[in-house]
Each structure stands twice: as structure tokens, then as C-alpha cells.
Amino acid sequence: MKPSTEWWRYLAPLAVIAIIALIPVPAGLESHTWLYFAVFTGVIVGLILEPVPGAVVAMVGISIIAILSPWLLFSPEQLAQPGFKFTAKSLSWAVSGFSNSVIWLIFAAFMFGTGYEKTGLGRRIALILVKKMGHRTLFLGYAVMFSELILAPVTPSNSARGAGIIYPIIRNLPPLYQSQPNDSSSRSIGSYIMWMGIVADCVTSAIFLTAMAPNLLLIGLMKSASHATLSWGDWFLGMLPLSILLVLLVPWLAYVLYPPVLKSGDQVPRWAETELQAMGPLCSREKRMLGLIVGALVLWIFGGDYIDAAMVGYSVVALMLLLRIISWDDIVSNKAAWNVFFWLASLITLATGLNNTGFISWFGKLLAGSLSGYSPTMVMVALIVVFYLLRYFFASATAYTSALAPMMIAAALAMPEIPLPVFCLMVGAAIGLGSILTPYATGPSPIYYGSGYLPTADYWRLGAIFGLIFLVLLVITGLLWMPVVLL
């Protein structure tokens, strides 16, 4: 798209800010809170339209608020306090997100992913599974799922995991059986494999806290609004029954609902064997990487009472550098990690300001009036369903989470009977699972959709079917299991 045709992307956020700012301040809100909300909404619009990278949008929003903090961030009472220096306070607020433990946890997880890539361990694991399970098409589907499952805990970019590691491997498989893209032969085996690729990415994105950046953004938003949080182990245990069910069910379900013509063959295992021979035996760097990953996972699951999850990640990254699994240049040159680091920290800062100015509490009280008379369970389920279905309107999981999660959290806070940890975990699971609904919902979606093996009608049909199944199972496990382990 030419720059001359993109002007509206730049003007739209500014127009939204101006329109909201000109609306009379609602009853119960102070003027600075309403103006803050106007800028916050403009940032969300900017994240959706992306006239510039999302991190830049968020940083610009923070800069505007910090510079104009006497009118946007602080109340007249705060400004009148003796010794109150808005310049120092606004700077402290602007950089507060970078001290959040969630930021450092996801940054460490990105470095784990770099270690997987640099050592070749991630590719080796996927090839081993394909070799062992690739004789039958159904088992090949499970191999794709298990590959995603193993990589997901330490690969917080589902795009890097799905599009960068898994897709380059499985795209080589269909041609081995003369299953070609954009051809009648695509249904032979290619369509099933590609659908398994994207659906496995969505499922595993919901299973682990560190499997997808928006999961950690949600926890940051939750913490800034309520001071409650979910640990890595909380998320894992809360999702455990649903995780087991989906990992075992989805490959078979795809096999039944989108059956491949070819049921078995030996070409895929032979190809995987050739690739593994070319890689050679497991090297010392891969062994060290494997040991560190296992250690990190054990501490994340069982060590929460002794060491913070972010500190585990930070320490393991230090060991990765010391053991020369990755280099310092790998860290400073990791654009994806630094990009997420800045936009996630900035969005958490903005969400903190939304709470500090009183908007979240005001919005919660507003919702409390409209939700009174309904049971907490009914309200919780209705909110999850609405949140899930609104996924159709967003082409970015980050924008989706940034725009809707604060409102969902405010709604839950409006009814003390709603267990916030359970509700937020259901929201978090919906972010990943709901990504299956459309061919534009998350980073890997367009990659698999554009492979030539998934026709448009098939993608939308399967997305709706699997999306509905995921939603039903999420609600059931959310109501029956999550309260047992989280409350």
C-alpha cells in the first residue's frame, strides 16, 4: 500500500481521541480520567490499524500522556499535594511497565526460543516425532501436535513457533505423496496436515502462559487492575484437563471432520530420517539446551514458592550465555524479542494508568448496575462467549487483548462473586483457542491459509466447528475444574 493511501491510518487514532475528548465527561468521572481514556482508546485504534509498529503506537501514547500529565494523568488533588512533582511522577509512571516481572518472563522465553533455533534442537524434536509417527496420517497429525506442545512453553511467539519452525518442516511433507497445493490432490494428505498445523498452534497457545505474548499481557493487565495474578504453574494446572483433552482429541477430530484420502505411507518417515542424518548426532550444545529447558520447566511448575518465574527465566538466560548456547549478539539482535518487550511493557503501563486514574473502578460500578439480578456464573459465561466471538473482528491477538481484556476484567471486578483468577484464565484460554476462528486471527493463520492446501470455504467452516467445540469445552472445564485448583 502506498504511503499516500495510508493517511487515514494515522488520522483515525487522532480523530478518535478528539471525538472522545469532546464528549461531555460522564457522571462519576473526573475530567483527567476521561481524557486519559480518550488517549488510551486512540492507542487501541492505532494498534488495530498499525500505521506504525505497535510498539511505536504505544510509546507515542505514553509520551502524550506523560507530557500532558497535569491534565491527563493526575487529579487536581494530587497536583496540590506538597512536594508532588508531576515531572518525576509522570516519568516514573511512563517506565513502570519495564519493571514488571511479566515483561522479563516473556523476554527470557524469547531467548529460550532463540536457543532452540540456534542449536537446531526444536527442528530435531519435530523431525524425530515425524519419523516415529509418520507412517500413518492420523499419527502424523499427533506428531504435529506433540511438536507444538514441546516447543510452546518456551516459545512465546506463536508466529515464530508455528510459521518459523513447524510450517517449514510440514510444508515438505505433502509433495512426498504427490499432494500439491491449489490442486485436486491437495486433499490427499496436504489439507489435513496444514489444518493440523494451525489448529495445533492455537491449542498450544492456550495451554501455557508463555506460549503466546498476549497471555502475559493479560496477566499484566489483571495485576495492574486488581493486584491479583496467575503464576506459570497456576495457568498450567488450571488448563491441565482441557489441555489433555484437546491434545488427544483434536488430531482425531480433524481426521474425522477433514479426512485425508491417503491413510498411510512410508515416504514421510524416510524423508525425516534423511534430514536427521544430515543434522548428525545430538551435539553438546543441544544437550545443554535441553537440560536448561527441563530445569526451567520444573522450576516454573514446582518452584513458585521459592523463586519467581521471571527470575528463573532470567537466570537460565544467563546460563545460556555462560555455556555459549547463545551469544550476546543473539540477544541484542533479536528484533522480535525487543519489539514485544517494548509494546508489552508500554501496554501494561497504559493499563496501569487506566486503573490509577479511576476508570476501571468507575466502569466496573457502571457494569455492576446492569449486571445485577443475574447469577455470577451466568454473567461469567456470557462475558466469555462475547469475548470469544468478538475475535472475528480482530486481525491481531495483541490488539484484541489490549482492547477487550481491560473491559472484561472491569466487568469481573464489578461482581465480587466472580472468581477473578478463574475468569482471567478462561479469558486467556479464549485468546489462543479463539485464534482458530478466522484465517487472519493470529500470525501463523495467513501462512497456513496461504499454503494452497486450505480453501477459503474449508477454513471458515472448520474454524467455526472447531471454535465452537473449543468454546464449549472451555466453559465446562472453566466452571468445573479451574475453581478447584485456583481458589
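Every residue, even glycine, has its Cβ placed from backbone N, Cα and C.
From a predicted model like this one, the values you see are computed outputs, not experimental measurements.
Marked as transmembrane segment by Swiss-Prot: 10-30, 54-74, 93-113, 137-157, 189-209, 236-256, 292-312, 313-333, 340-360, 393-413, 418-438, 465-485 (among others).
The transmembrane segment (137-157) makes no contact with the transmembrane segment (418-438): fewer than 3 of their CB pairs lie within 8 A, with pairs spaced 6 or more apart in sequence. Contact count against the transmembrane segment (418-438) (Cβ pairs under 8 Å) is highest for 189-209, out of 189-209, 236-256, 313-333. Beyond the ends of the transmembrane segment (340-360), by six or more residues, the same chain brings 29-30, 32-33, 36-37, 40, 43, 53-55, 57-59, 61-62, 65, 73, 75, 93-98, 100, 102-103, 106-107, 110, 156-157, 213, 216-217, 220-221, 224-225, 398, 402, 406, 409-410, 413 to within a C-beta distance below 8 angstroms of the stretch.
The highest tally of CB pairs under 8 A with the transmembrane segment (465-485), across 93-113, 189-209, 236-256, 313-333, 393-413, is held by 236-256.
Between the transmembrane segment (93-113) and the transmembrane segment (393-413), the number of CB pairs under 8 angstroms, six or more residues apart, is fewer than three, so the stretches are not in contact. With a cut-off of 8 Å between Cβ atoms, the residues of this chain six or more beyond the transmembrane segment (393-413) that come close are 43-44, 47-48, 50, 54, 212-214, 217-218, 221-222, 225-226, 343, 347, 351, 354, 360-361, 363-364, 367, 371, 379-380, 383, 387, 420, 423-424, 427, 431, 435, 440-443.
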